[in-house]
Amino acid sequence: MPQDPMDFEWSYWIEWGRERILWLLAGHLLVSQMSRLLVEKYKPWCLMVYGMAACWLLLGIKGFAVILLHAAISFAVAQFQLSFLTWLCSLILLSTLRIPAVEETKRKWYDTENEYYLLLFTMSVRCLFCTSFSLEYCWHAPTQKSSHSFLWMLAYVFYYPTFHNGPLVNFDEFSKQMRKQEAFSMKTNLSILIVGIIRIFFWWCLAELMIHLMYIHALYSSALPLESASYWALGGLALAQVLFFYVKYLILYGVPGLLLQMDGLKPPALPCCVSLMHSFTKMWRSFDVGLHRFLVRYIYVPMGGSQSSLLGTLLSTALTFAFVSYWHGGQSYLWYWGALNWLGVIVENGTKRILSISLIQDLI
């Protein structure tokens, strides 16, 4: 039975995974386990060299050079130790991904559109990693700068399991865990690997069944069946789509998460099932945990967060969702999506504050 071809993200990453990425991830696993077994002290640098080689192989020397240039610019700006300058640099570098002339130049580097998109997706994710490192550099005391060298930035930026699509791990978590030299047990790691592969294979089979049998995205791409469907049917289609999105990210984040575990790191928790969620706030906290931690640590809390006035909370939440919308591409529908999520979070938090008033509780 033919599959539904309309989910671009699934088709794209499955194709790349089968062709090269899974093989490169297997190579990373081999280098990681050998370095943990033989040269634990030099593991970060072994993985850094492997990640740079994998980047060069997939994206070519020009793609590798652009990512290296972005990292170097971010590191240079971080030397001023001003968070505002770091954010300005990050937003400017992110905006260069959408300049038409720059896009056309990068397209000419590759034979296919898929290769160009791989560079684009990779650079978008790398921008968050560069931002995380640079802000941590700004916030740490001079005595801690040795742990925030350019070499450590490269080890972080070119860490291959999270290289193309995440999940996002903040630099402070990455560096602390990577520095730990724990007792290595090949038997324990092998059991983690086998169990992890079985789980991911089950999720992949489930996703493939949904793609081959349900045709959710094909139905959404045509107005005619949607116009003739009942409200119950439309609700079912919407639920099916978000459930597929959930299963898809169990795989897209589950594979790198398993490799993080094999490297002795703690990956962000996998997405929580959307059927168990009824809250905007819980969705943002529990679906993409790595991105949520990034937003809270580097945008929401520095802007005041929940500890500031009502206006300050509204502003810090708005800036957080504005960045999410811009990072995802900045198209008009993404601004509407971000605004609706912001409104949902504000209404939920406002309702909680009202319900916490003792007079209201007495009435209830």
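Just so it is clear, glycine is given a Cβ too, placed from its N, Cα and C backbone atoms.
Copied over from TrEMBL, here are the features:
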- 20-39: transmembrane segment (TRANSMEM)
- 46-69: transmembrane segment (TRANSMEM)
- 75-95: transmembrane segment (TRANSMEM)
- 116-135: transmembrane segment (TRANSMEM)
- 150-169: transmembrane segment (TRANSMEM)
- 190-211: transmembrane segment (TRANSMEM)
- 231-252: transmembrane segment (TRANSMEM)
- 310-328: transmembrane segment (TRANSMEM)
Distal contacts, the transmembrane segment (231-252) - CB-CB under 8 A, six or more residues away: 7, 9-10, 13, 165, 200, 203-204, 206-207, 210-211, 214, 216-217, 219-220, 270-271, 273-275, 287-288
Intrachain neighbours beyond the transmembrane segment (190-211), with Cβ under 8 angstroms and 6 or more residues off its ends: 3-4, 7, 10, 29, 240, 243-244, 247-248, 250-251, 254-255, 258, 261-262
Chain residues in Cβ proximity to the transmembrane segment (46-69) (below 8 Å; excluding those fewer than six residues from its ends, i.e. six or more beyond): 20-21, 24, 27-28, 31-32, 35, 39, 106, 109-110, 115, 118-119, 122-123, 126, 151, 154-155, 157-160, 163, 263
For the transmembrane segment (116-135), sequence-distant contacts whose Cβ falls under 8 Å of one of its Cβ atoms, 6 or more beyond its ends: 12, 16, 55, 58-59, 63, 66-67, 70-71, 74-75, 77-78, 83, 86-87, 89-90, 93-94, 97, 106-107, 109-110, 148, 152-153, 156-157, 162-166, 168, 170-171, 291, 294, 298, 327
